[in-house]
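A.B. asks: Below you'll find the structure I mean.
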Amino acid sequence: MSFSVEVLAGIAIELQRGIGHQDRFQRLITTLRQVLACDASALLRYESRQFIPLAIDGLAQDVLGRRFTLEGHPRLEAIARAGDVVRFPADSDLPDPYDGLIPGQESLKVHACVGLPLFAGQNLIGALTLDAMTPEQFEVFSDEELRLVAALAAGALSNALLIEQLESQNMLPGSSGVFEPIKETHMIGLSPAMTQLKKEIEIVAGSDLNVLIGGETGTGKELVAKAIHQGSPRAVNPLVYLNCAALPESVAESELFGHVKGAFTGAISNRSGKFEMADNGTLFLDEIGELSLALQAKLLRVLQYGDIQRVGDDRSLRVDVRVLAATNRDLREEVLAGRFRADLFHRLSVFPLFVPPLRERGDDVVLLAGYFCEQCRLRLGLSRVVLSPDARRHLLNYGWPGNVRELEHAIHRAVVLARATRAGDEVILEAQHFALSEDVLPAPPAESFLALPTCRNLRESTENFQREMIRQALAQNNHNWAASARALETDVANLHRLAKRLGLKD
């Protein structure tokens with residue numbers, strides 16, 4: 001056997017050294033890559049007929065954002081169906097899911113691959129994949145040795161999943177409650193900002209509190225609402241969605257509370273509103289700041305007393321609904337301006353959440369790009385869609401004013417452009433395929449930084465100086481607001497508010 005007792009003991013010890021599951025997983029695959037002298041290793045979690053990367057070593061960073069469906073990846077399907085070690089020869093007809101995703105080897109095909117399915121009892125919970133550019137790399141290791149590695153990895157993953165399930169079910173000591181754990185909701189990201197958001201979602205999901213979700217347009221507030229609902233005791237009941245900004249004033253009340261036959265012209269039958277549809281479930285009110293003051297008052301009554309009245313009906317109906325609301329506005333400012341009721345604001349914001357803009361999420365941009373690349377690959381029937389190193393740098397240097405939604409559209413557009421200029425079913429996205437509307441701003445000359453403005457009064461001079469300071473900080477930090485705030489030694493939220501007041505942003 002090529003594995004000594006010391007090597008196996010070392011792997012087991014590494015699994016105990018990490019502070020958290022993610023650290024342990026990373027130590028595991030890094031150690032395996034070193035022991036097996038292979039080019040890449042990955043630990044994948046199995047869920048809903050797809051493999052979700054948990055930790056990687058030797059692979060492009062965007063792999064962590066990809067979701068590998070069994071239907072789209074025959075090698076992974078073979079691993080999922082097998083109950084034992086799977087070896088793919090160098091001349092295998094099945095494409096490797098990591099072709100083009102090993103840094104420095106983007107144009108080469110992976111030659112050797114070993115897949116180790118991971119089980120908890122009889123249930124498939126994940127897989128280990130090992131890849132090498134040398135065809136004979138894994139021949140010196142027997143199946144028995146690889147099974148031992150798989151057993152160690154399966155034990156670590158099984159324990160992590162069990163703890164995650166217990167935490168999401170509030171069944172750890174000192175808590176109670178039984179309901180489904182949070183499932184995959186495509187909330188992709190490992191940045192500190194997203195890690196904190198996920199923790200806050202787990203905290204509030206198991207309660208029955210109303211939640212106000214804030215954040216810029218395109219940040220993914222609806223995904224946050226879905227994650228909260230899926231992690232709650234109401235998950236077995238419906239999550240009903242309503243975009244308040246798309247509601248004409250004439251039908252808004254009927255959409256929310258329903259109507260009876262004959263209540264108004266065109267009301268030819270009784271109709272349930274969104275609150276009735278969401279009874280015993282969750283109602284997600286997107287763009288809550290767009291509701292009129294009159295409707296805000298009626299919404300407040302529902303939150304206070306739990307009853308509604310259909311339009312044209314004198315009777316009240318009891319409903320049990322949890323309300324999640326989202327807005328891209330600063331509702332505190334809306335309250336001060338008299339456009340939003342203070343009492344409703346306080347009812348909704350029992351547990352406020354803020355979804356960070358993409359420009360403050362660092363390398364999450366690359367993970368999300370990988371996710372969208374995989375989506376495009378499946379949708380267009382391509383064998384692979386990968387990002388070149390220049391494309392990754394280009395995406396990281398862009399400010400993403402449209403956030404995740406803009407990134408999604410940019411990836412889809414780039415794939416179409418790249419496909420049109422390259423024959424075959426393989427697409428490599430280069431920087432020139434991204435026609436981004438806002439280029440990285442060059443740094444201004446140093447001597448202009450403290451140039452004094454010429455204005456009539458102190459207030460105007462101060463505001464002009466503040467504008468110039470903010471513009472220069474943004475230019476020097478690639479239009480990254482968080483980095484600019486740090487450079488100016490101020491809070492990023494305060495910087496956004498000041499920039500808005502000075503007319504530097506909408």
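In case you wondered, yes, glycine gets a Cβ from its N, Cα and C as well.
Keep in mind that what you see is a predicted model, and the values were worked out from it rather than measured.
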A.B. asks: Between 41-60, 241-260, 361-380, 481-500, I'd like to know which one Swiss-Prot lists as DNA-binding region.
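C.D. replies: When 41-60, 241-260, 361-380, 481-500 are checked in Swiss-Prot, DNA-binding region belongs to 481-500.
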A.B. asks: Going along the chain, which residues six or more apart from Gly218 (ATP binding site) have their CB under 8 A from its CB?
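C.D. replies: Listed in sequence order: Leu358, Gly402, Asn403, Val404, Arg405, Glu406.
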A.B. asks: Tell me the Cα distance separating Asp57 (4-aspartylphosphate) from Asp279 (ATP binding site), rounded to the nearest angstrom.
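C.D. replies: Here the two Cα atoms are 47 Å apart.
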A.B. asks: Could you count the residues of the DNA-binding region (481-500) that DSSP puts in helix, in strand and in coil?
C.D. replies: 16 helix, 0 strand, 4 coil
A.B. asks: Averaged across the domain 'Sigma-54 factor interaction' (187-416), what pLDDT does the model get? Just tell me the whole number, please.
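C.D. replies: It averages 92.
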A.B. asks: Within its own chain, what residues at least 6 apart in sequence put their Cβ under 8 Å from the Cβ of Leu285 (ATP binding site), listed in sequence order?
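C.D. replies: Spatial neighbours, sequence-distant, of Leu285 (ATP binding site): Leu242, Cys244, Leu291, Val323, Leu324, Ala325, Ala326.
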A.B. asks: At the Cα level, what's the spacing in Å between Asp57 (4-aspartylphosphate) and Lys221 (ATP binding site), rounded?
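C.D. replies: Spelling it out, the Cα of Asp57 (4-aspartylphosphate) and the Cα of Lys221 (ATP binding site) are 31 Å apart.
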A.B. asks: Quick check: in three-state DSSP terms, what is Thr282 (ATP binding site)?
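C.D. replies: DSSP assigns Thr282 (ATP binding site) to strand.
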A.B. asks: Excluding near sequence neighbours, so keeping only residues 6 or more apart in the same chain, what lies with its CB under 8 A of Gly215 (ATP binding site)?
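C.D. replies: Same-chain residues close to Gly215 (ATP binding site) (Cβ under 8 Å, separated by 6 or more) are Lys221, Ala326, Asn328, Phe354, Val355, Pro356, Pro357.
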